[in-house]
Amino acid sequence: MSLQPVPHRLLFSDSDDEEDGHSTGEDSAFQESDSPVSRLREKQEGPGGSWEEEEGLGSSPIKSPGHFFMCDSPTYRDLPPASPPGPAASPPDCPGTPPHKTFRKLRLFDTPHTPKSLLSKARGIGSSALRFRGGTLFREAEKLPKPEFTYSTPQVNINPFTPDSLEIQSSTGLCRRRKRALLNDSCGEDMEGSDCELEDEDVRPAKRIPITESNMKSRYATEFHELEKIGSGEFGSVFKCVKRLDGCIYAIKRSKKPMAGSVDEQNALREVYAHAVLGQHPHVVRYYSAWAEDDHMLIQNEYCNGGSLADAISENYRTMQYFTEPELKDLLLQVARGLKYIHSMSLVHMDIKPSNIFISRITVPNTGVEEGDDEDCGSGNVVYKIGDLGHVTRVSSPQVEEGDSRFLANEVLQEDYTHLAKADIFALALTVWCAAGAEPFPTNGDQWHEIRQGKLPRVPQLLSQEFVDLIKLMISPDSEKRPSSMALVKHSVLLSASRKNAEQLRIELNAEKFKNALLQKELKKAQIAKAAAEERALFPDRIATRSTTQSNRTTRLIGKKMNRSVSLTIY
């Protein structure tokens with residue numbers, strides 16, 4: 001009697017939970033003793049049963065998607081067709097059903113696809129890194145580099161100039177410890193140690209400048225039409241642009257080099273932080289937005305049609321025409337107002353110089369002076385604005401980066417940061433003196449030290465002694481003796497009788513009106529008291545008779561605190 005091979009059919013349990021179909025690679029990498037098929041085989045065949053007897057799988061009336069993947073395999077095509085099962089070979093309790101989800105756990109979509117090879121493969125990948133399922137269809141995805149660890153915390157920047165930034169930074173330490181513990185627990189044996197070792201700043205990651213915009217259109221080219229290049233510096237170039245949507249002109253500052261990881265990156269972010277905190281002020285260049293393109297930072301600022309103060313000074317040198325004393329006082333007063341606003345926010349500029357002061361010329365009909373006009377325009381409708389906030393720092397926790405050495409105070413060079421606001425006053429004095437016609441200041445040497453000792457260089461014009469004394473006071477070697485920005489905006493030299501602004505005149509007028517009202521009130525009281533005293537002295541009998549008549553009059557109380565006389569009319 002010839003023996004026919006008895007085909008074996010894999011049995012799968014239906015008791016698996018639904019979520020097993022979504023398990024990871026580690027869940028599907030099972031051991032032979034843990035497999036439900038092995039347990040069933042042990043019951044049916046005993047210890048002599050072996051996976052090696054398996055030669056093929058029974059056909060199913062419904063083909064799974066994996067069938068088409070296996071058909072492409074050369075090993076699958078070379079297999080002989082399975083013999084049709086006989087009546088005695090088909091287990092009555094295992095009808096032909098579609099492949100169960102446990103079937104996918106066997107990873108039969110790869111070749112070779114014998115149970116023994118699958119188990120050995122499962123053991124091999126059980127302790128390795130997680131991989132994609134799906135066999136050759138997703139084989140290309142496995143070749144991709146390992147994606148970076150994703151954080152649940154969104155990437156945001158912490159503005160160091162906001163009032164609540166200190167509170168956020170103080171609470172960051174606790175969050176770092178908690179998140180580090182969670183990350184250490186989540187790192188398994190299959191992950192490299194470098195994946196779990198995170199820096200402190202990675203726990204709350206900051207949004208960095210580099211942004212991949214290969215699939216995005218340039219915002220600069222889409223939203224703005226470039227007119228001309230109006231300036232350049234260490235940071236980059238400034239372009240005059242028209243926004244296509246509103247038709248207004250803006251100044252777009254673009255960094256020269258890619259800023260990702262460079263020293264200028266922090267300066268650019270510091271400028272954006274300072275602009276966002278300061279908001280809008282008449283004597284600070286207005287900020288609108290900032291973004292990054294191809295690792296370059298772009299900042300959209302207000303366009304000042306008068307250029308910079310440095311350009312005006314260069315033109316004055318060429319034409320031998322300098323700022324007059326009233327113009328110098330107006331320049332000093334307006335920039336002092338801008339510094340007063342910056343200092344009131346507990347910030348310091350740290351880079352005041354002619355190239356960072358911009359001029360805006362406003363054409364306004366001559367309709368008279370109104371309230372508040374002093375903050376919007378100076379003499380001749382010229383407004384001076386402070387710009388380039390890349391060196392701004394906080395007074396309480398300074399991170400000082402030295403600006404231009406020609407306008408740098410000596411105490412900053414000596415790393416004495418106790419009076420940083422007075423360093424801005426020192427730089428402002430030299431800026432005004434430069435506009436007065438002084439020669440360009442040295443970057444070092446004996447003349448540099450003479451200026452720090454309070455000696456001003458000569459200027460080609462005659463200025464009043466009180467104005468010169470004010471400039472000398474602003475560059476005093478003792479920083480404590482220098483006037484503050486608050487004192488400058490109220491200084492008598494800058495607010496002379498002929499140059500008092502409308503607000504100052506209104507305040508003085510209201511004060512005089514209040515004094516006049518008080519005097520009139522006191523005068524009226526004195527007049528009433530004097531008249532009463534004279535009446536008592538001249539007519540004492542009349543006053544006594546009047547009081548007696550009023551007391552003898554019959555009255556009746558009606559209502560609350562109301563006396564009415566009783567009258568009777570007889571018809």
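Backbone N, Cα and C atoms are what each Cβ position is placed from, and that goes for glycine too.
Since we're looking at a predicted model, the values are computed, not measured.
The active site, proton acceptor annotation in Swiss-Prot covers ASP351. Neighbour count (other Cβ atoms within 10 Å of the Cβ, all protein chains): 23 for ASP351 (active site, proton acceptor).
Residues or ranges marked as ATP binding site in Swiss-Prot (evidence: sequence analysis): ILE230, GLY231, SER232, GLY233, GLU234, PHE235, GLY236, SER237, VAL238, LYS253. DSSP assigns GLU234 (ATP binding site) to coil in the three-state reduction, placing it in neither a helix nor a strand.
Positions annotated as Mg(2+) binding site by Swiss-Prot: ASN356, ASP388. According to its DSSP assignment, ASP388 (Mg(2+) binding site) is coil. Around the Cβ of ASP388 (Mg(2+) binding site), a 10 Å sphere holds 23 further Cβ atoms from the protein chains shown.
The annotation coiled coil is assigned in Swiss-Prot to 500-539 on the grounds of sequence analysis.
What Swiss-Prot records for 81-98 is compositional bias 'Pro residues'.
Look at Swiss-Prot and you will find 224-494 tagged as domain 'Protein kinase', backed by sequence analysis.
According to Swiss-Prot, the region 'Disordered' annotation covers 1-101.
Taking the coiled coil (500-539) as a whole, pLDDT averages 83 in the prediction. The record assigns ILE230, GLY231, SER232, GLY233, GLU234, PHE235, GLY236, SER237, VAL238, LYS253 to the ATP binding site, and the maximum Cα to Cα distance across that set is 14 Å. Between the C-alpha atoms of GLY236 (ATP binding site) and ASP388 (Mg(2+) binding site), the distance comes to 12 Å. Around ASN356 (Mg(2+) binding site), the C-beta neighbours below 8 angstroms that are at least 6 residues distant in the chain are SER308, HIS349, ILE386, GLY387, ASP388.
By a simple count of nearby Cβ atoms, those within 10 Å, the most crowded of the binding-site residues SER232, GLU234, GLY236 is GLY236. Distance noted between the C-alpha atoms of SER232 (ATP binding site) and ASP351 (active site, proton acceptor) is 17 Å.
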